[in-house]
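As structure tokens, the structure follows; a few thoughts come after it.
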Amino acid sequence: MSKNWFPLLCASVLVVYVSIASSSTGTASGAVTPTSPTENTTGPLIENTTLRTHEVFKINMSKFPYRVCSMAQGTDLLRFEQNINCDSFKPTKEDFEEGIMVVYKRDIRPYTFKVHMYQKILTFRQSYSFIRENHLLGFSQEHLAVPMWEVHYINKLNRCYNSVVRNVAGATYVNYHRDSYVNETMLLVEDDFSNTHSSRFVTVKELWHKPGSTWLYTTSCNVNCMVTVTTARSKYPYDFFVTSDGKVVDISPFYNGSNNKHFGENRDKFSVRKNYSMIAYYGRDNAPEVAHPLVGFFERPDVLMSWDIVEEANNTCEYTFWEQSERTIRSEADDTYHYTSSSMTATFLTSKEELNESDPSFQCIKDKANEQLQLIFNTSYNETYVQSGNVSMYETTGGLIVFWLPVKEKSILEMEELAVAYNNTNSSTRRKRSTDSASDSNKTSEEVLKSIVYAQLQYTYDTLRNYINRALRQIAEAWCKDQKRTLEVFKELSKINPSAMLSAIYDKPIAARFVGDVISLAKCVEVDQNSVKVLRDMRTKESGVCYSRPVVLYTFKNSSHVQYGQLGEYNEILLGRHRTEACEYPSLKIYIAGNSSYEYVDYLYKRMIPLDSISTVDTMISLDIDPLENTDFKALELYSEDELRSSNVFDLEDIMREFNTYKQRMIHVEGKVFDKVPGYLRGLDDMMSGLGSAGKALGVAIGAVGGAVASFVEGVVGFIKNPFGSFTVILFLLAVLGVIYLIYMRQKRAYEKPFEHFFPYVVPPTTVKEAPPSYEQSQYENIKEKAASATKEFSLEEAYQMLLALQKLDQEKRRKAEADDEDFASNGQSAGFLDRLRNRRRGGYQKIQNEYEV
């Protein structure tokens, strides 16, 4: 019992001594740095220890847990690599293949062929002949198509008739050249105005005109027969063609009357002749004849055209040769092939799906492309290379056609054959290609671009990618060499502290020690993380001796026994408390545990410092590289072809189509205008014709009368519409109104003053103006007038005698006036028109004779 109490007594004395020493030290150091309130308090005892809670503090845990890594012998053995082999750097997974490439582009040039145009040009000249000079007033021209029978005559004899017969509105009109009224043939000669793409042959080079008689107008007629051999062009898909003078024909040049080619004109005006013979050239007599297998004729009101009809497949080709590349590298990406040519400085992208060689559009270029590939191979590769495959066709994203012939060196092929023989396998060496084509490569021929800028851009990108990947390969190789050198450094440092080096390398806590030339590894034993506590005081019981690292209290898992150790690096707990040093004053030490650091001043804990507030020494040089992956550039089109066409206000094709349509419409309207027979007369004539001969005769009579009446009415209407006629009618109406006004005034005057009107020769009495009488005199005169107002009444006989006397008097006065007029007229002294007009109301007016005339 006494043996048990003695150790307890010694432990109690030690605890009291440590408490007193810590209190005195805390008081001494408090003069420099303030301490926390818990340092001056007495806490409860820690279980299974003689320490109290105020003498320790808890620490946190971060990446590495608190563990004990001291061991006697490890279970795993490791060694450092002696030689490190650096593998070759391959940025992307690409398979390269060498070959020959021939590129064809879409032929945008139109199909060109010859067209013969037959026309008769009527020129009407009008002139006026004066006394000494003739004046040309102008001319007009009219283009007419040569009849079909006359076209055959021209193609046989190189001659054309000088007359034109037309039927307009049921009437026949005939025009002769030079108004000769003789129908004869004329020789076709070459015109002086032919050019490189057109040749014209005419019958008249100079126009003729004969002036008329003096003060007369004259109109002359010239009939010129013209045959034009010109070129026409038709663009894919060959639905119409355009002649060099701008005439648009909405017919496919390959339409033969029975195939499915486009035809948009009047079918009644189109005909086809097989084995048609015609002269080889115009302008000469006795020209040789040439047979044409199939000739098409199309007639318009102003021209008749003919051209040779041929097969489209034998005379047109949708593609034409563009470029060839003798040295081409093909690389395979996920969905596409890249054809890179350094001579063309371009890279072309195609899908992995091959084109169908039996397509009719490729028949015209397939044989030529194969011959060209074989020629290049025989001249450049035949000695050292062999063909490693057949010719294949691909379409690029820009609409180009690529013919590809893969080649391979003979030495490489021999090595492959040896490898195949060694492995005793019959597997094909041909690489399996994906049949899934890229969605962007399925373009129709109407959507492709007409530019290859995208190919040059793709080549630029691939070139840069190769340069960058080469640089990355060099960096990777240099990095590998640096790792070899770093390994040697780690191996030498591991001899000093193997556990620290191995923990840093494997990024986890490891216990390591050298056992000869190898390293023995053991797993660290983790302790109860919540039981880890650090003493605040780093001083020992011996004077002048302090711990070199803080003392730690901990317990193992599933154990309550408290162990003592010292805090190592990265939360490692070092077994034992034998790591001491001589105390140094003043002293400042900071120890890292978890995510925090703990500051000890003069070997006493002062405060906790956040780890983020302490700067780190960054020796890491990061290397973050990624290889450039494949990127397929797409051929972008800012505006489509239709948008570019519609953005221009002038569209030549539409303008010419509209112009030709307008011309045909005007000719049709002209025929309707000249048809002057009214519809009702046509209906009446049809009705009368159905009644037999009598009805037809009656209809002719009615039509003649109706035509005469209609002609008279049209003449009157035409006269009124004429400016001179309208002015004449207005003057006539004014004259009629004037006559009516004079008659009205005469009748009014006769009604108001009949005596003066019927007896103008009776002179009325002269009125004498006197002063008015006085009142008495006026009364007297009134009495006298009343007395004399009683008049005598006359009988009917007397009235009759008076009328006879008046008649006799009137006759005498009129005879006397006529006699006087005759006398004055004989003497040259008649009254003028103005005098008679001025004195028309005064009957019997005569000019007074002077004394000399008497």
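Positions of Cβ are set from backbone N, Cα and C atoms, glycine also.
Among the features that Swiss-Prot reports, signal peptide is placed at 1-30, with the record citing sequence analysis.
The annotation topological domain 'Virion surface' is assigned in Swiss-Prot to 31-723.
Taking Cβ-Cβ distances under 8 Å and a sequence separation of 6 or more, the neighbours of Asn48 (N-linked glycosylation site) in its chain are Ser560, His561, Val562. Residues or ranges marked as N-linked glycosylation site in Swiss-Prot: Asn48 (among others).
The N-linked glycosylation site annotation in Swiss-Prot covers Asn60 (among others).
Annotation comment: Swiss-Prot describes Cys69-Cys524 (among others) as disulfide bond. Summarising the environment of Cys524 (disulfide bond), the number of other Cβ atoms within 10 Å of its Cβ, over all protein chains shown, is 22. According to its DSSP assignment, Cys524 (disulfide bond) is coil.
Under the heading disulfide bond, Swiss-Prot lists Cys86-Cys480 (among others).
Counting same-chain residues at least six beyond the ends of the region 'Involved in fusion and/or binding to host membrane' (127-133), those with a Cβ under 8 angstroms from any Cβ of the stretch are 209, 211-218, 220. The region 'Involved in fusion and/or binding to host membrane' annotation in Swiss-Prot covers 127-133 (among others).
Summarising the annotation, Swiss-Prot assigns disulfide bond to Cys160-Cys225 (among others). Cβ neighbours within 10 Å of Cys225 (disulfide bond), excluding its own Cβ and spanning all shown chains: 25. Taken residue by residue with DSSP, Cys225 (disulfide bond) is part of a strand.
Counting only same-chain residues at least 6 apart in sequence, those with a Cβ under 8 Å from the Cβ of Asn183 (N-linked glycosylation site) are Tyr161, Asn162, Ser163, Tyr176. According to its DSSP assignment, Asn183 (N-linked glycosylation site) is coil. According to Swiss-Prot, the N-linked glycosylation site annotation covers Asn183 (among others).
Annotated region 'Involved in fusion and/or binding to host membrane' per Swiss-Prot: 212-219 (among others), in sequence order.
As annotated by Swiss-Prot, N-linked glycosylation site applies to Asn256 (among others), with the evidence given as sequence analysis. DSSP assigns Asn256 (N-linked glycosylation site) to coil, not to a helix or a strand. Less than 8 angstroms from the CB of Asn256 (N-linked glycosylation site) sit Val272, Leu294, Gly296, Ile309, each of them six or more residues away in the same chain.
Within its own chain, Asn275 (N-linked glycosylation site) has Ala291, His292, Pro293 as residues 6 or more apart in sequence whose C-beta sits under 8 angstroms from its own. When secondary structure is read from DSSP and collapsed to three states, Asn275 (N-linked glycosylation site) falls in the strand class. The N-linked glycosylation site annotation in Swiss-Prot covers Asn275 (among others) and rests on sequence analysis.
Taken from Swiss-Prot, the feature N-linked glycosylation site applies to Asn314 (among others), supported by sequence analysis. Here Asn314 (N-linked glycosylation site) comes close to no residue that lies at least six apart in sequence on the same chain with a C-beta under 8 angstroms from its C-beta.
The Cβ neighbour count for Cys317 (disulfide bond), using a 10 Å radius and every protein chain shown, is 16. When secondary structure is read from DSSP and collapsed to three states, Cys317 (disulfide bond) falls in the coil class. The disulfide bond annotation in Swiss-Prot covers Cys317-Cys364 (among others).
The N-linked glycosylation site feature in Swiss-Prot is assigned to Asn378 (among others). Residues near Asn378 (N-linked glycosylation site) in space but far in sequence (CB under 8 A, at least 6 apart, same chain): none are found.
Following the DSSP three-state reduction, the secondary structure of Asn423 (N-linked glycosylation site) is helix. According to Swiss-Prot, the feature N-linked glycosylation site maps to Asn423 (among others).
Cα to Cα, Asn423 (N-linked glycosylation site) and Cys480 (disulfide bond) are separated by 34 Å. Comparing Cβ neighbour counts within 10 Å across the disulfide-bonded residues Cys160, Cys364, Cys480, Cys546, Cys583, the minimum falls on Cys480.
Figure note: comparing Cβ neighbours within 10 Å for the glycosylation sites Asn423, Asn558, Asn595, the maximum is reached by Asn595. Put simply, Cys69 is the one of the recorded positions Cys69, Cys317, Cys480, Asn558 whose Cα lies nearest to the Cα of Cys583 (disulfide bond).
Within the model, the topological domain 'Intravirion' (745-854) shows a mean pLDDT value of 64, rounded to a whole number.
Around Cys69 (disulfide bond), the same-chain residues six or more apart in sequence whose CB sits under 8 Å from its CB are Ser499, Pro509, Ile510, Ala511, Ala522, Cys524, Val525, Glu572, listed in sequence order. Of all the recorded positions in the list Cys160, Cys480, Cys546, Asn595, the shortest Cα-Cα distance to Asn558 (N-linked glycosylation site) is found for Asn595.
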